[in-house]
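Engineer: Annotation source TrEMBL lists domain 'G-protein coupled receptors family 1 profile' at 43-294. If you look up TrEMBL, you'll see 27-52, 73-92, 104-122, 143-165, 199-223, 244-267, 273-296 marked as transmembrane segment.
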Amino acid sequence: MLGLNGTPFQPATLQLTGIPGIQTGQAWVALVFCILYLISIIGNLTILALVIREPTLHQPMYYFLSMLSLNDLGVSFSTLPTVLATFCFNYRHVDFDACLVQMFFIHTFSFMESGILLAMSFDRFVAICDPLRYATVLTNNRILAMGLGIVAKSFTTLFPFPFLVKRLPFCKGNVLHHSYCLHPDLMKVACGDIHVNNIYGLFVVIFTYGIDSTFILLSYTLILKAVLAIASRDQRFKALNTCMSHICAVLAFYVPIIAVSMIHRFWKSAPLVVHVMMSNVYLFILPMLNPIIYSVKTKEIRRGIRQVFCKSWG
């Protein structure tokens with residue numbers, strides 16, 4: 001792709017691939033994605049509505065859960081336009097600048113989710129290790145400040161990415177390997193010196209996922225230590241049970257990230273479809289899974305859902 005003066009340039013549009021190797025059965029793939037989006041959007045909106053309308057859920061734990069639901073809605077709506085265009089309407093082109101905007105929001109919401117999970121681990125740490133000060137430590141103002149801090153941190157660390165990509169020429173074609181725009185995918189078709197992009201990308205990953213996961217692990221180490229010090233077996237079980245939803249959410253978030261990283265590093269010959277499917281699990285299954293996890297594992301959420309259905313059908 002050369003300009004009039006023979007130098008590489010940025011394409012007007014980029015072409016989205018969808019899922020490599022699946023040329024037939026696109027209608028079934030579109031149906032699956034529509035179902036995933038529907039479950040994710042309805043599930044997260046239900047969580048938000050319950051927390052807003054039920055006074056018993058006006059507690060720090062559920063405020064953080066609301067942040068998680070809002071973030072998962074952000075992830076879903078970030079990928080939705082190009083995914084539906086690709087699979088439902090077979091329209092595979094996206095404007096270059098629109099692609100950069102989508103890339104920014106997908107990565108920003110992903111990094112925000114890591115910060116929210118860290119805040120939720122702090123909530124569980126205070127609730128179990130220092131329950132008498134729980135209400136005074138996690139006040140509404142501090143929860144709001146933590147939420148704004150997570151947004152500010154993610155926004156500022158990801159803000160340079162579109163500009164770092166924008167400065168690069170693209171001479172390796174305009175075909176991306178997903179139905180949405182990701183930074184690593186754009187780097188595969190860019191030419192010129194991409195070392196700055198790669199180094200800054202590694203810095204952001206360590207600064208967010210690395211630090212957040214370390215503090216989450218530290219929180220649960222201290223929580224486990226406090227729980228083992230409880231004399232009553234029933235009380236130990238009850239204390240750990242309050243953490244199960246969050247533990248499942250953390251595993252659902254970090255396991256795909258670790259798997260993608262391991263495949264990229266140690267299985268370089270892996271078929272392209274493997275990388276694409278792992279990314280799809282991370283971006284489509286997780287936003288759907290979180291409301292299900294908290295609906296199944298959290299008694300107060302289950303009770304709120306039953307009350308809504310009883311009022312609707314009563």
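For all residues, glycine too, the Cβ spot is worked out from N, Cα and C.
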Engineer: Using Cβ atoms only, state whether the transmembrane segment (199-223) and the transmembrane segment (104-122) have three or more pairs under 8 Å that are 6 or more apart in sequence.
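Structural biologist: Contact criterion met.
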Engineer: Among 104-122, 143-165, 244-267, 273-296, which stretch has the highest count of C-beta pairs below 8 Å with the transmembrane segment (27-52)?
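Structural biologist: Stretch with maximum Cβ contacts: 273-296.
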Engineer: I need to check the long-range neighbours of the transmembrane segment (273-296): which residues 6 or more away from its ends have a CB within less than 8 Å of a CB in the stretch?
Structural biologist: 17, 19-21, 33, 36-37, 39-40, 43-44, 46-47, 65, 68-69, 72-73, 75-76, 79, 106, 110, 113, 177-178, 180, 182, 245, 248-249, 252-253, 256-257, 259-260, 263-264, 267, 302, 305
Engineer: Below 8 angstroms Cβ to Cβ, which residues of this chain, lying six or more residues outside the transmembrane segment (244-267), approach it?
Structural biologist: 68, 113-114, 117, 120-121, 124, 209, 213, 216, 220, 274-275, 278-279, 281-282, 285-286, 289-290, 293-294, 297-298
